[in-house]
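**Q** This is the structure I have questions about; it appears just below.
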Amino acid sequence: MAVVKLIVVSDSAKSVAVLVSGTGTLLRSILDNQKDRYRVDIVVADQICPGIQRAKNAGIRTAVVPMETNRNAWNDKLAAAVAAVNPDIVVSAGFMRILGPGFLEQFEGRTINAHPSLLPAFPGAHAVRDALDYGVKVTGCTVHYVDAGMDTGKIIAQRPVAVEAGDTKAELHERIKKVEREQIVELLHNATVENGKVLFP
Ligand code: GRF
């Protein structure tokens, strides 16, 4: 009896949506390092910003969903914009907004955030300044799952960055971002998706 081997070849590239608010240098790294392991299908911002322009230049689909007084309505619109590509992973890369229930109901477990400190130290929008003001000798970066809190979700990966004497906020942040750009790409390459959740080795 002939044995028939069935080989299923699937498109294994994970679909990624990136959320940005500003410069988008993490986004640039994510875009520049797309290989067969992931591809960016949409970039969504809460305002017109260089990150959106970067995405447009790269021929990636974009959407801008400006913040509204009604945060629930905004969360729903943001979720709808992202859902248009049904991504496996949502990356908040310099997205300066807290994601609420309307978004997390759909994307919790597959949304991750890059943060420029070693959480739980220095959560919030001023992590680099706060670390410098505190006088720590080592800070770094964290990628974590997004939950409804401010930088409180389960930690996925962390890398240290030494604070140097006389560092300005901009100098320290740039050294942290250099590490973040490598870290996020490595995580996206190695991520696996199971039952709508993203997992990391
Ligand atoms: C990064 O430090 C990220 O951790 C934080 O915002 C910064 C984004 O930088 N949430 P850029 O806009 O990608 O250059």
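From the backbone N, Cα and C atoms, a Cβ is placed for every residue, glycine too.
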**Q** With MET96, ARG97, ILE98, LEU99, ASN113 listed by TrEMBL as binding (6R)-10-formyltetrahydrofolate, identify the candidate in ARG71, ARG129 belonging to that site.
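**A** The one candidate that TrEMBL places in that (6R)-10-formyltetrahydrofolate site: ARG71.
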**Q** Would you mind sorting out which of ARG71, MET96, ARG97, ILE98 (the binding-site residues) have a C-alpha within 10 A of the one on ASP151 (site 'Raises pKa of active site His')?
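**A** Cα within 10 Å of ASP151 (site 'Raises pKa of active site His'): ILE98.
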**Q** Quick one: give me the count of other CB atoms within 10 A of the CB of LEU99 ((6R)-10-formyltetrahydrofolate binding site).
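**A** 21, counting other Cβ atoms within 10 Å of LEU99 ((6R)-10-formyltetrahydrofolate binding site).
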**Q** Out of MET96, ILE98, LEU99, the binding-site residues in the record, which is closest to HIS115 (active site, proton donor) when you go by Cα distance?
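**A** That would be MET96, the closest of MET96, ILE98, LEU99 to HIS115 (active site, proton donor).
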